[in-house]
Amino acid sequence: MGGVFVVFEGGDGAGKTTQARLLDQWLTTEGIPHLMTREPGDSWLGQRIRELVLSPGSGPISSRAEALLYNADKAQHVDEVVIPALREGKVVVCDRYVDSTIAYQGAGRALDPGEVGQLACWATTGLVPDVTVLLDVDPCEGAGKIAAKDRLEAAGDEFHLRVRQHFLDLAAAHPQRYLVLNARKSRKEISEAIRQRVTGLLNR
């Protein structure tokens with residue numbers, strides 16, 4: 001297909017969005033064609049789904065319904081945004097992807113992560129990132145410091161502990177794809193490690 005698919009994952013407050021933006025800035029400076037995107041919300045359908053699943057004002061959403069909504073966003077996002085950019089040979093920088101759905105809607109909501117993963121694989125036509133950057137942080141230091149919380153950020157300590165552990169389990173199961181970084185390190189240290197990994201993918 002061409003292109004390079006870079007995904008940022010991690011618990012709330014880990015700094016993944018900050019690092020995704022820093023990578024976006026570096027790619028711009030280097031003149032490398034790229035696209036920065038996010039899930040949920042970077043398609044016309046995803047914008048509406050994002051409002052439903054994250055707004056604290058939304059009514060109760062069952063765990064299975066939530067998983068289906070997130071995967072509907074993924075299906076549209078991959079078809080409309082990600083695959084076209086990769087076919088153009090761009091670096092796609094994505095803030096959250098399949099593993100967030102498995103960790104949050106699977107482990108976090110106490111659904112079967114395997115079933116959620118199968119659904120996500122189908123929704124994304126099996127598209128796997130070239131690298132998944134996991135910024136690991138204790139939930140008490142991440143989600144705990146966010147003042148204005150959305151529905152998932154406000155889900156409670158046990159929820160976020162399950163999410164963190166499942167991210168680490170996924171990283172252990174896919175060591176070649178994952179780059180696990182301690183989110184407590186400096187922004188500079190983290191961004192340099194990410195740039196080094198992405199440079200290697202660009203030069204392969």
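Using the three backbone atoms N, Cα and C, a Cβ is placed for every residue, glycine included.
Copied over from Swiss-Prot:
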BINDING   Gly10, Gly11, Asp12, Gly13, Ala14, Gly15, Lys16, Thr17  ATP binding site
Cβ neighbours of Gly10 (ATP binding site) where a neighbour is any other Cβ within 10 Å: 28
Binding-site residues: Gly11, Gly13, Gly15 - member with fewest neighbouring CB atoms within 10 Å: Gly15
Chain-internal residues near Thr17 (ATP binding site), provided their CB is under 8 angstroms and they sit 6+ positions away: Phe8, Arg38, Asp95
Residue with minimal Cβ packing [other Cβ atoms within 10 Å] among the binding-site residues Asp12, Ala14, Lys16: Asp12
Assigned conformation of Gly10 (ATP binding site) - DSSP reduced to three states: strand
Gly15 (ATP binding site) in three-state DSSP notation: coil
